[in-house]
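Only one structure is covered here, and it is reproduced in the block below.
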């Protein structure tokens, strides 16, 4: 299943295309920190984590959960805030907990969908070496290098 950026991508508004330093130079470090570490404060003409969560979680429920219910395997690769939104839903995190959630780039997280519930295997904070978490019917937390 492929998803376009318009479906799950984060909307940065006036920050689109700027790197962190350019953004800080233009708007100030304090303001940039508020946008990056708040749940409900969007950048100018952009969206907050809360707004992103509305779209990402709705998409997840409408398109991903039915695939899982049908017994299919689904891999999601997305921007950090889209992933934070989905993780917030699956792990039942509060808005305060989710804003401090750090995700490791390129380190997969594995959720098992069983009897209508999600069980996390792996961690949002990756190990020191790159690894792949795999699921087999015999052991649910196999780590391969």
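Glycine is no exception: its Cβ is also placed from the backbone N, Cα and C atoms.
Computed from a predicted structure; not experimentally measured.
Copied over from TrEMBL:
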type	residues	note
BINDING	20, 36, 37, 80, 81	substrate binding site
SITE	79	site 'Transition state stabilizer'
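Here the features listed in TrEMBL are painted onto the structure.
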| residue | record | Cβ neighbours (10 Å) |
| --- | --- | --- |
| 20 | substrate binding site | 11 |
| 36 | substrate binding site | 15 |
| 37 | substrate binding site | 11 |
| 79 | site 'Transition state stabilizer' | 16 |
| 80 | substrate binding site | 14 |
| 81 | substrate binding site | 24 |
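In sequence order, 35 are the same-chain residues whose CB sits within 8 A of the CB centroid of 20, 36, 37, 80, 81, the residues recorded for substrate being left out. Distance noted between the C-alpha atoms of residue 79 (site 'Transition state stabilizer') and residue 36 (substrate binding site) is 13 Å.
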